[in-house]
Amino acid sequence: MTHQSHAYHMVKPSPWPLTGALSALLMTSGLAMWFHFHSMTLLMLGLLTNTLTMYQWWRDVTRESTYQGHHTPPVQKGLRYGMILFITSEVFFFAGFFWAFYHSSLAPTPQLGGHWPPTGITPLNPLEVPLLNTSVLLASGVSITWAHHSLMENNRNQMIQALLITILLGLYFTLLQASEYFESPFTISDGIYGSTFFVATGFHGLHVIIGSTFLTICFIRQLMFHFTSKHHFGFEAAAWYWHFVDVVWLFLYVSIYWWGS
């Protein structure tokens, strides 16, 4: 690294791709073992290996960017393109769920009673918990923007405050969604309605948990003075991801909760 004459980061040999691949093998094998032989040992080992790999890999990325200065402008540009492509792939991922929902709801089969929601399904009231969830996520979108602008203006205290509010709102959303699932009058086994509802909203809930974790890491890094007004792509990527989660929820609310009910 000391003698290179270009601005690109030539990553040194790392064990983490190997341990990551091993953890993926252990998790998938462990899942099969759990389903068929009711043993969670292999699955737990896979999850532990995966968690340790993620922690150590991202720790190395933080060291390379914050302390070693390897994330030069060309490298950051590549990271931005990578994040944009990742979010684009997530858009298509959710498009599949919306396709399944609209395919089933716009032309319901005779087996569903010829109408939507299917016979026997009592949908959730879109003006109760789902509307509260919508307002919570919209508020978190405002607070993450506040945090971003505070960071760009070198206002450290306001950035920390706004980021903490965003994380708490994300946690509140997750708790509301969990309570809604427990009180739901239908289950994932109740035909195509239950399947599309729980898979689409469940995967969105998973993305909220991932986004909240992403923001929590950014919060800890901000407390450790890792971000500056000019060098904070880790936080910017988390903000992009959070806005994506926001927009997906709006489509879910309008499609499944409001129109679909």
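Backbone N, Cα and C atoms are what each Cβ position is placed from, and that goes for glycine too.
Per Swiss-Prot, these features apply:
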TOPO_DOM  1-15  topological domain 'Mitochondrial matrix'
TOPO_DOM  35-40  topological domain 'Mitochondrial intermembrane'
TOPO_DOM  67-72  topological domain 'Mitochondrial matrix'
TOPO_DOM  106-128  topological domain 'Mitochondrial intermembrane'
TOPO_DOM  184-190  topological domain 'Mitochondrial intermembrane'
TOPO_DOM  224-232  topological domain 'Mitochondrial matrix'
TOPO_DOM  257-261  topological domain 'Mitochondrial intermembrane'
TRANSMEM  16-34  transmembrane segment
TRANSMEM  41-66  transmembrane segment
TRANSMEM  73-105  transmembrane segment
TRANSMEM  129-152  transmembrane segment
TRANSMEM  156-183  transmembrane segment
TRANSMEM  191-223  transmembrane segment
TRANSMEM  233-256  transmembrane segment
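Under 8 Å from some Cβ of the topological domain 'Mitochondrial matrix' (67-72) lie the Cβ atoms of residues 1, 7-9, 79, 231, 233, all in the same chain and six or more residues away from its ends.
When each of 16-34, 41-66, 73-105, 191-223, 233-256 is scored by its Cβ pairs under 8 Å to the transmembrane segment (156-183), the top-ranked stretch turns out to be 191-223. The topological domain 'Mitochondrial matrix' (1-15) scores a mean pLDDT of 76 in the predicted structure. Across the topological domain 'Mitochondrial intermembrane' (35-40), the DSSP tally of helix, strand and coil residues reads 3 helix, 0 strand, 3 coil. Taking pairs at least six residues apart, the transmembrane segment (233-256) and the transmembrane segment (16-34) share fewer than three Cβ pairs below 8 Å and do not count as touching.
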